[in-house]
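Enquirer: Annotations per TrEMBL:
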TRANSMEM  26-47  transmembrane segment
TRANSMEM  53-79  transmembrane segment
TRANSMEM  100-122  transmembrane segment
TRANSMEM  134-158  transmembrane segment
TRANSMEM  170-192  transmembrane segment
TRANSMEM  212-233  transmembrane segment
Amino acid sequence: MAEPSPGGHSTLGAERAAVLLVKKMLAELLGTFLLLFVLLSALIMNATHDGALGLLGVAATAGLAVTVLVASLVHISGAHLNPAISVSMAVYGYLPRAHLAPYMAAQFLGAIAASFVAKAVYHPANPGAIVATVPTLGTAGTFLVEFLTTFVLLFVIVAHATDPKAVKELIAVAAGAAIMMNALISAESTGASMNPARTLGTAIATGTYTKIWVYMVAPPLGAIAGTGAYIALKH
């Protein structure tokens, strides 16, 4: 009988790791797609039906979508659904840095696909004004609001996801509640993005790139700061 090759186990382990990463990427892609499609559907319905949902309804829809998707996917990929979260997790060692680019690629692809699908399904008359994150504040104000809301979001997420003393089963509810709260206070000023994929997806689908660099930079920085703040308090 032939002897197993010395590198056989390492090769098998690498193959399993690659398959696991692909599954995580698919979870992030699907989760981000569903999150964006639900959010954009709510925004379009509200705009085309005389404010039927209102700010509270749209914010609640976003929060519920996050709650449902995090509860469904957190055990597979961590349910980041947001490049800002993945960047922060990689910075602090909760996500292998080699996984950061694949995670982000999946999230951006999911958001872009959802934006085009929503546009094709609903045919809104002015999609850029309805679904894109067009701020009513100046550059500094937009940056600060997006930084702070993402700070809060990650502070809450990290508290439940990484602290052994926390009730981890509540992470989905906590994340959804944080999204809803942040949307209520910032939707009218910045579009309550907190998520570079959310902004870039709708920007590409609608051709609306107003202050887009702010939405690419402020949320990741806010996420890193929020995560660091909780870690500092915990220790």
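A Cβ is built for glycine as well, from the same backbone N, Cα and C atoms used for every other residue.
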Enquirer: So which of 26-47, 100-122, 134-158, 170-192 is most in touch with the transmembrane segment (53-79), counting Cβ pairs under 8 Å?
Expert: 170-192
Enquirer: For the transmembrane segment (100-122), I need the partner stretch with the highest count of C-beta pairs below 8 angstroms, choosing only from 26-47, 134-158, 170-192.
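Expert: When the Cβ pairs under 8 Å are tallied, 26-47 comes out ahead.
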Enquirer: Please report, as numbers and ranges, the same-chain residues at least 6 past the borders of the transmembrane segment (134-158) whose CB is under 8 Å from any CB of it.
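Expert: Cβ under 8 Å, 6 or more out: 84-85, 88, 128, 171, 174-175, 177-179, 181-182, 185-186, 188-194, 208, 210-211, 214-215, 217-227, 229-231.
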